[in-house]
């Protein structure tokens with residue numbers, strides 16, 4: 001059967017349909033192309049994140065540069081600032097580009113965010129916000145910037161790594177092995193960078209992570225990491241064996257109970273977590289039939305026994321340890337007292353991040369009076385726990401308790417949920433490393449390297465247990481999320497740009513200041529200090545340095561020969577005077593709670609005696625303010641005594657040159673000596689063993705012609721300074737002036753034993769011998785003076801020698817050379 005079907009299609013409609021199909025195809029192709037570009041962009045961002053994480057993990061334990069005042073801390077902080085900026089921007093770009101947000105959650109998130117929030121609050125209310133935000137050369141690890149970049153590292157790593165932390169753990173192991181090897185070689189005197197001629201690199205104490213004890217802490221915390229069993233590449237097994245050997249070698253050499261405590265805490269944790277993992281990996285577990293495999297714990301148990309034994313016998317490799325400096329820190333009781341007193345004063349926020357030294361000045365310095373550390377300044381407590389509580393107050397205490405609770409939650413999950421153990425056999429090592437980090441926090445102050453290692457432990461522990469706790473959000477389908485991501489991207493970018501800008505500016509400023517400190521030309525040094533201030537005008541240290549540089553320029557100007565043609569000399573002197581004072585005042589304005597700034601201002605005023613009227617009282621007021629900020633420090637009253645002692649010398653000199661006003665000027669000098677005496681006595685009352693104040697008091701008595709009192713003061717300190725020829729000479733001179741010639745003879749002979757060419761000792765021995773009619777020895781002493789090249793043209797000695805050889809008496813009216 002044939003069917004004839006007549007088409008009713010309109011030619012125009014057919015054309016339109018084909019046109020629509022082509023448009024749809026073009027649209028789909030454009031969408032496909034855009035999607036391909038989007039996935040390409042996302043892949044690029046994720047690659048940047050992955051490589052940045054790996055680079056930071058490898059570099060942080062090793063990175064240092066010699067250009068700043070702090071070879072380690074500032075450089076590591078700048079590295080982490082750049083790393084944090086790259087990670088944050090890349091992660092935000094990946095989220096915005098993909099339109100999706102994949103977010104993992106861990107109990108540690110809350111604890112770390114609490115620590116970050118507490119640091120922010122404490123920084124806002126800090127007495128020196130700039131130092132709290134960026135830290136100082138001596139305290140950078142827990143500044144606001146450092147804490148924020150550590151948080152960025154943690155969250156990006158936790159939300160980006162897909163292998164439960166194995167890659168980062170491997171890279172960290174490589175880096176730590178290199179750092180421990182370099183540190184051990186330095187301890188043994190094998191300097192890898194000796195050819196660079198940088199003095200600090202040729203020191204037994206230098207390494208890439210901090211002090212020698214900080215290296216020991218790194219070794220102790222790293223021990224559990226080196227015991228990982230889930231290694232798929234054999235080279236890492238040998239690498240971890242090398243790391244274990246290096247860590248133990250360092251711990252044995254240092255043999256300090258705190259290092260062993262941290263190491264034992266980590267190894268006990270390793271045994272506990274391994275035991276739980278072994279137990280839970282057995283199906284149908286019956287505790288009555290369970291037997292531990294002791295062999296798998298042989299290494300940690302051996303190290304624990306070794307550590308306890310070495311602590312008990314107080315083992316010491318004297319030949320090695322004698323080359324290492326002694327690290328001084330406040331005791332646990334003193335650190336606790338400082339924290340307690342600071343909480344009474346600033347309960348909520350404490351002294352502020354990186355401001356521990358101010359709290360110690362107020363509440364701890366008085367406990368050091370009478371010791372050799374009476375003027376020592378401490379920038380951290382005996383442990384990071386005390387430091388954080390002191391600097392962060394109640395908000396930090398709550399944050400730390402939150403972080404501790406999250407650790408407890410993690411342990412509970414570890415015990416109750418064995419699923420993760422099947423996926424990652426490295427979990428016990430990661431959590432043992434975290435336990436060791438916690439012990440380090442409780443017993444030792446953190447620097448950038450130790451803080452980073454603690455953050456890595458938190459990151460690896462989170463990845464090991466909570467990698468599967470992930471939620472996906474479609475940002476483009478949610479208006480709130482879309483708006484939030486856009487604003488977050490803008491805010492994050494602004495934060496990164498601002499942080500990097502100010503961080504780099506501060507870094508350049510510190511480089512310039514370090515250059516100024518090493519500069520021998522005072523004019524160039526002054527220019528570099530000014531450049532440092534231009535880059536960072538919020539650092540009081542730079543203003544202190546600049547004021548002292550200007551004083552050096554002033555002294556240089558005053559000692560130059562007068563030139564009648566130089567009409568600008570007075571203007572330059574006045575400019576130096578005003579600049580020195582203004583710079584010192586700016587330091588006190590920048591950090592008004594810092595005692596060093598007020599002491600420096602007092603020193604500047606003291607240096608202007610004779611140039612500016614009334615500076616003695618201004619100097620005294622500045623030193624008193626410094627004493628209020630650091631009670632118990634006797635050095636400030638000693639400085640006040642020095643100020644009035646110098647004033648007395650000045651007025652005595654003026655009296656000698658102005659007979660008409662001599663009586664008034666001498667009276668002023670005498671009053672100044674009385675004030676100096678009172679302040680030296682106050683310093684000695686505060687610190688009875690303060691040798692410098694005792695010596696200065698003796699000099700005051702000598703000027704007051706109280707020779708017996710002067711001798712009594714110098715006799716107090718002479719036995720403890722028997723290797724100081726100048727001090728012994730002063731004592732011998734007082735004996736001579738007080739007509740105690742036998743003691744004078746013996747003391748002058750002691751001086752010559754220490755310093756055979758001491759001209760004045762020979763001079764007074766000659767006088768004593770002459771008085772005893774021993775002309776031959778008197779002549780011999782003078783000949784010894786002239787035998788020294790610098791004295792061969794001394795006319796006074798030549799004239800007296802001529803008189804002695806002629807049989808003439810010469811002892812009347814003699815003065816020191």
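From the backbone N, Cα and C atoms, a Cβ is placed for every residue, glycine too.
The annotation transmembrane segment is assigned in TrEMBL to 48-67 (among others).
According to TrEMBL, the feature transmembrane segment maps to 79-99 (among others).
Under 8 Å from some Cβ of the transmembrane segment (111-131) lie the Cβ atoms of residues 142-144, 147-148, 151, 154, 346, 348-355, 358, 391-393, 395-396, 398-400, 402-407, 458, 538-540, 590-594, all in the same chain and six or more residues away from its ends. Annotation source TrEMBL lists transmembrane segment at 111-131 (among others).
Using a Cβ-Cβ cut-off under 8 Å and counting only residues 6 or more beyond its ends in the same chain, the transmembrane segment (168-193) has close neighbours at 53-54, 57-62, 157, 161, 201-209, 212, 215, 218-219, 222, 225-226, 228, 231, 233, 236, 239-240, 242-243, 246-247, 249-250, 253, 320, 323-324, 426, 430, 449, 456, 459-460, 463. Annotation comment: TrEMBL describes 168-193 (among others) as transmembrane segment.
The transmembrane segment annotation in TrEMBL covers 205-226 (among others).
Residues or ranges marked as transmembrane segment by TrEMBL: 238-254 (among others). Tertiary proximity for the transmembrane segment (238-254) is limited to same-chain residues at least six positions away from its ends with a CB under 8 Å from its CB atoms, namely 173-174, 176-177, 180-181, 183-184, 187, 212-213, 215-216, 219-220, 222-223, 225-228, 231, 260, 263, 299, 303, 306-307, 310, 315, 317, 320-321.
Among the features that TrEMBL reports, transmembrane segment is placed at 260-277 (among others).
According to TrEMBL, the feature transmembrane segment maps to 297-320 (among others).
Residues or ranges marked as transmembrane segment in TrEMBL: 394-415 (among others). Note on the transmembrane segment (394-415): residues 106-108, 110-112, 114-115, 117-119, 121-122, 273, 276, 280, 343, 347-350, 385, 388, 421, 427, 431, 434, 438, 461, 465 of its chain, located 6 or more positions outside it, place their CB under 8 angstroms from a CB of the stretch.
Long-range contacts of the transmembrane segment (427-444) within the same chain, counting only residues at least 6 positions beyond its ends with a Cβ under 8 Å from a Cβ of the stretch, are 165, 169, 213-214, 217, 220-225, 227-229, 258, 261-263, 265-270, 272-274, 276-277, 382-385, 407, 410-411, 414, 420-421, 450, 453-454, 457-458, 460-461, 463-465. The feature transmembrane segment is assigned by TrEMBL to 427-444 (among others).
The transmembrane segment annotation in TrEMBL covers 450-467 (among others).
According to TrEMBL, the feature transmembrane segment maps to 479-504 (among others).
What TrEMBL records for 691-724 (among others) is repeat 'TPR'. Listed as Cβ neighbours of the repeat 'TPR' (691-724) (distance under 8 Å, sequence separation of 6 or more from its ends, same chain) are residues 634, 637-638, 641-642, 645, 648, 670, 673, 676-677, 680-681, 683-684, 730-731, 734-735, 737-738, 740, 750, 754.
The repeat 'TPR' annotation in TrEMBL covers 725-758 (among others). Remote same-chain partners of the repeat 'TPR' (725-758), defined as residues 6 or more beyond its termini with a Cβ less than 8 Å from a stretch Cβ, comprise 695, 698-699, 702, 707-708, 710-711, 714-715, 717-718, 764-765, 767-768, 771, 784, 788, 816.
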DSSP-derived helix, strand and coil totals, residue by residue, for the repeat 'TPR' (691-724): 28 helix, 0 strand, 6 coil
Range from 48-67, 79-99, 205-226, 260-277, 479-504 with the greatest count of C-beta pairs under 8 A to the transmembrane segment (450-467): 205-226
Helix, strand and coil totals (DSSP H, G, I; E, B; other) for the repeat 'TPR' (725-758): 27 helix, 0 strand, 7 coil
Seg_contact(the transmembrane segment (479-504), the transmembrane segment (79-99)) with at least 3 CB pairs under 8 angstroms, min sep 6: yes
Same-chain residues at least 6 beyond the ends of the transmembrane segment (48-67) whose Cβ lies under 8 Å from its Cβ atoms: 75-76, 79-80, 83, 86-87, 90-91, 94, 153, 156-157, 160-161, 167-168, 171-172, 174-176, 178-179, 182, 196, 198, 200-201, 208-209, 218, 448-449, 452-453, 456, 511, 514
